[in-house]
Amino acid sequence: MEISWGRGQESRRLLLSLLFFTTWKVGSGQIHYSVPEEAKHGTFVGRIAQDLGLELAELVPRLFRVASKGRGDLLEVNLQNGILFVNSRIDREELCGRSVECSIHLEVVVERPLQVFHVEVEVKDINDNPPVFPRTQKNLYIAESRPLDSRFPLEGASDADIGENSLLTYRLSSNEYFSLEKPSKGEQVKRLGLVLRKLLDREEAPEIFLVLTATDGGKPELTGTIQLHITVLDANDNAPAFDRTLYVVKLPENVPNGTLVIKLSASDLDEGLNGDITYSLSTDSLPNVKSKFHIDPVTGEIMVMGHIDFEESKSYEILVEGIDKGQPPLAGHCTVMVEVEDTNDNVPVMEFKSLSLPIREDASLGTVIALIRVSDLDSGANGQVTCTLSPHVPFKLVSTFKNYYSLVLDSALDREKLSHYELVVTARDGGSPSLSATASVSVEVADVNDNAPTFAQPEYTVFVKENNPPGCHIFTVSARDADAQENALVSYSLVERRVGERALSSYVSVHAESGRVFALQPLDHEELELLRFQVSARDAGVPPLGSAVTLQVFVLDENDHAPALLPPGAGAGGGAGGGELVWRAVGAGHVVAKVRAVDADSGYNAWLSYELLPAAGGARSPFRVGLYTGEISTTRALDEADAPRQRLLVLVKDHGEPALAVTATVLLSLVDSGQAPKTSLRASSGAADAETALVDVNVYLIIAICAVSSLLVLTLLLYTALRCSASPTEGACGPGKPVLVCSSAVGSLSYSHQRQQRVCSGEGPPKTDLMAFSPSLSPCPVREVETEEQSIGGDHSMKPRQPNPDWRYSASLRAGMHSSVHLEEAGILRAGPGGADQQWPTVSSATPEPEAGEVSPPVGAGVNSNSWTFKYGPGNPKQSGPKPKKQTQVSFLLRHKGEASQPLQ
């Protein structure tokens, strides 16, 4: 194997060395190696990294790569030791054909900075191809009348090798009739033929079999043979003869089909059919000749019948035969050499070998953006290509090597002025007329990461129904980044914190790419009403930038709890299987028992109603139950016809969708006045004790109710006094700032802060601070909205929360209540100075008429207890339950339990 740098004198070598170490970032040297064909895989070719002056450690970081035109897998470089070796079988004949010079041109490209080296590996020929004849047998027909020294041309063998390996010598098998005419070295066309040395005698030898052997000049020698079958013919002793044995014709490429190449003419001294000549292409002509040319059998005109391309073949050798029609026929031969002339018919081709895009706006001058290789299949001036760049842009083309140009930065970039350039590179050859090709290059100016992701708003409120399926999608956050590409690629994550004793990530998760927020487990309104957390958005820039958004997830109540019956208290019925004594002397409307139940849900789902199921047999019961109080009272005076034991079934159900219900069984024993009750289930001695215990319990219950009521009245008076005395300049009914909680038709809550109007009656002191619920209202009407936020229930953490559920009565208080709350006739309430008088309900104690004081909860969702519904007017007409679909704006006023005495800020 041989290695050489350049060619010529020492000055040329010195010049190449200087060019190798120039300041250009693109290399311009050339290394020569040689390798024999058919070398085995792994055969050493050269230490390419060392010869190029590259360190082994920088081959991988600088993206060292080798590319070759055509097949790129013949040679490979080991990046560990920098050795160029044979990767696959190299067949010189397949690679270069009959060309004398055969080289593999490699382009070695390294980056950071960008350099290009050109390596030429010469493939040396070995004698691996034997001589090959066009066919294994050739039939010759020779008349016996042919004179001595007559010549019969033969098609020689071909050897795919070159040089000494393709020099062929021929020998003919021993015979007495023919000798072999061998071609001389100076002839342009190598002629081979048989020479008749002895007259033929058909009667003596009608057929002759000879073997022609071709031997090449390689070491070791390789041979090829052809069988010659000679048939001796009789008569017709003059063969056609052409004017010349060789014709040379020049033909431009791309001529149309039917173009005349040459008209041949042969003569025959015979007469008649023996002198009538037919022209044809020799059977020994190559296939590409037969596909490109056609000869007229009568006139001898050779015409073009296929595409003639100089780049495909520069010449064609046409073998022509002229055969007469004698018996036997005789033939004359000549050769037509067609030389193809080049025309400028190939457009220059541009190939981008390396493209470094996008380019940062702070890139330095001279930064290489692209490496462009130009080529033209034409020859001479037709194949000389020059490149230009248009229009005027901050870039330029620099010629770095033969047929190579570098696109470099010529002036500073400013992305704020222009972030995108459309460059047009034009390649033009030197032909006449010249041909050109253009290529467009889109140059994007890359930005730095100077913009953080932003959300459309800093906070979002989400409503989710409880008992959601695990993994359900509840919301999608989206942030936008003004940067481009990786700098604008936003990923989302939770800002982890503790929710009670558990991590936030156990409740919710966020998809890193889409921003979709999922609930990982079913949420329980009774356990968690509000989940407040933050989602962070961060881009993929270096360094990364980010921002966060706050999500408030309100868990809406579902009707997932059935009413639960409270155990019967002393002296009161209501539990299943409980018993109650009723004197027959009681009149109509007398409360004899009360069914008590609670519901763990809130709002409508916890609003309970009571219904007395009809007795078996359809008998009319003398009792009824309060629709919302659960109190069982008489509908008429009891008489002797009533059964002494009454079994009542009370259906307790909530107002959820669908409604859930439970049945309570109440046992009543009717006794006459002054008579001991008769009971089959208890002994007579225990009856007196039970009655005594019942009386004691009723007394204790009445005392408890009175104490609680007194304490409540005292608290209200004290609170009212403190509120009215807090702002002496505003008067007894000065404005405050209560919280208005609005309910939509689906039960969700929204908050707004409105100007406070303290509600006062015309006769008494001002009422306490009130919360207003408006059923089935659309967005809350906001007038003169305050800028300060205030959470319900005295929470000053500036975090919105659901309505405080602590206003509802406790189970013990409700258990002790035996009477319902009714309305007194409405008082005149004033909304403040200058405000219109309003008819507002006031709360009073129980009345003998149970229906007049039925209570119902507010329609807002998220309130965890049964609350009150009020009726207008002195007559207190009976009302049904709340109807959420009505749009009537009716305000319900509820007092907060445990509310601070000072006004909400």
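Including glycine, each Cβ sits where the backbone N, Cα and C put it.
Where the annotation comes from TrEMBL, it is an automatic prediction and has not been curated.
Not measured: the values here are computed from a predicted model.
Record features (TrEMBL):
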| type | residues | note |
| --- | --- | --- |
| DOMAIN | 34-133 | domain 'Cadherin' |
| DOMAIN | 134-242 | domain 'Cadherin' |
| DOMAIN | 243-350 | domain 'Cadherin' |
| DOMAIN | 351-455 | domain 'Cadherin' |
| DOMAIN | 456-565 | domain 'Cadherin' |
| DOMAIN | 589-679 | domain 'Cadherin' |
| REGION | 787-808 | region 'Disordered' |
| REGION | 831-905 | region 'Disordered' |
| SIGNAL | 1-29 | signal peptide |
| TRANSMEM | 699-719 | transmembrane segment |
With DSSP, how much of the domain 'Cadherin' (243-350) is helix, how much strand and how much coil, in residues? 10 helix, 48 strand, 50 coil
Between 0 and 100, where does the mean pLDDT of the domain 'Cadherin' (243-350) sit? 92
When only pairs 6 or more apart in sequence are counted, do the domain 'Cadherin' (456-565) and the domain 'Cadherin' (243-350) reach 3 or more Cβ pairs under 8 Å? no
Could you give the number of helix, strand and coil residues in the domain 'Cadherin' (351-455) as assigned by DSSP? 4 helix, 57 strand, 44 coil
Number of helical, extended and coil residues in the domain 'Cadherin' (589-679), per DSSP: 7 helix, 39 strand, 45 coil
Go ahead and report the DSSP secondary structure tallies for the domain 'Cadherin' (456-565): helix first, then strand, then coil. 7 helix, 53 strand, 50 coil
DSSP on the domain 'Cadherin' (34-133): how many residues come out helix, how many strand, how many coil? 12 helix, 38 strand, 50 coil
